[in-house]
Amino acid sequence: MKDKITLFCLLSTVLLGVMNSFFFHIAIVPISKDLNISIAFSSWFILGYTIMVTIGSIVYSKLAESIQLKKLYLIALVIFVLFSILGYFMNNFYFLILCRLAQGAGGAAFISLTMVAVMDVLDRALLPIGLAFISFAMALGSGLGPLLSGILLSVTNWHILYLFMSCAIIFIPILYLTFPEMKLEKKTPFDWLGMIYLLISILFLLCALNINFLFIVLCIIFFLLFIRHISTISYPIINKKIFNNSSFVRITTLSFLLFLLLGANVFLLSYIFSSILNLNSVQSGGILFISSVMGGIASIVIGKKMNIENVKNFYKIGLYIFFIGYLIIIFGSKTAIVCILVSICCFVAFSFVQMALNYLLDSVLKESKKIYIGIFNLCNFIGMSIGVALFSKLIVVFNMNICFVFLLVAVIIKACMSNSISAVNNKTTGYDYEC
């Protein structure tokens, strides 16, 4: 019973963390007006959180090898709640950004450590439903975040977006009492310099995507320094041997492309709702919320039925749904009904594919899952950021149909890579584990 209560609390924090990623998107304009800053400066409310969540997925996964998962999760929750409360009372731009960065530092633990707990700590009987509800929480959060944000902004000012997240405080005493202890691996030194190199690399990558592409030069320089660094020390933050695991690399690549599609889908659909259908933020958020609920329900249904024999079939079904949705939006009229149907297709397809990939990830990892999960989530966050940034540029150059053609091509590429699923599937059904 304790494990079920713990799982519920962990999944609730995943939902809050994903919602928070989308919470400030429609608040950028009022924030810039109230603080008398440019849109570029106010975009750091989104970019800063994304940076911290992205790098945090690796840091927490690495720290979990030498610190009790329970202790680590509670520290992250306290940081998240504390700075959510402080942000509500701040009016200085720099202090507000500091609170947002701290929110990201706490929220970074939610997805990565929940996946570790589900795969490594909690009762294995809860694994299928745990993976299903992680997918559910991520789908629901991406739709509920914009909707709830729009509703809150329609009745009060944007400071409430900080305070709302402090509701996570209710999970602190519950997790303190129910979260099980786990056996720690051999404690190793933490690679702080490697973390700094990786953090700066990701920072400049996101700046290149969102501000000026010339930042990519600095990203490459620091990434090369990072590669050199992890090749020369005994306990790097990311061991290069991890990438000798071909099954893990295949799954992570496919998941990266999936989250790129998710970021692009949410951006393009939001653009259609506001600019073509002239819907307000609450109406747009409502459509995304309904779509995400449908995707979440799909996660729960297939989570109960998925096993190693049928995982490839679920993966293919997800790709077919993506394919159908994109064909409808490319060749159909941009009416409200059509766009709602496409939105539902995108979220349901995402749930099918993500569930399949998460299931395979657990299947191919036997030991030391924590750092693998960290890298997996790191690539997911980067993929989603690239999806949003890339298509925010493409929409200026190409029309909407061409943008969806690009997404259709990405789905075809994923379909061509389905042999990777077959290769992974063969290994998980019996013999060649590489980790």
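Any Cβ shown, glycine's included, is placed from N, Cα and C.
Taken from TrEMBL, the feature domain 'Major facilitator superfamily (MFS) profile' covers 5-428. The transmembrane segment feature in TrEMBL is assigned to 7-31, 37-60, 72-89, 125-148, 160-178, 190-206, 251-273, 285-302, 314-331, 337-359, 371-391, 397-417.
Per-residue pLDDT, averaged along the domain 'Major facilitator superfamily (MFS) profile' (5-428), amounts to 85 for this model.
Taking Cβ pairs closer than 8 Å, the transmembrane segment (72-89) reaches residues 10, 13, 60, 63-64, 95-96, 98-100, 102-103, 105-110, 113, 117, 159-160, 162-166, 168-169, 171-172, 175-176, 179 in its own chain, all 6 or more past its ends. Cβ atoms under 8 Å from those of the transmembrane segment (125-148) belong to residues 3-4, 7, 11-12, 14-23, 25-26, 111, 114-115, 118-119, 164, 262, 266, 270, 281-282, 284-286, 288-293, 295-297, 299-300, 302-304, 306, 347, 350-351, 354-355, 358-359, 362 of the same chain, restricted to positions at least 6 beyond its ends. If you look at the transmembrane segment (37-60) against the transmembrane segment (371-391), you find at least three C-beta pairs under 8 angstroms, all six or more positions apart, and that counts as contact. Counting same-chain residues at least six beyond the ends of the transmembrane segment (314-331), those with a Cβ under 8 angstroms from any Cβ of the stretch are 261, 302, 306, 338-339, 341-342, 345-346, 348-353, 355-357, 400-401, 404-405, 407-408, 411-412, 414-415, 418, 421.
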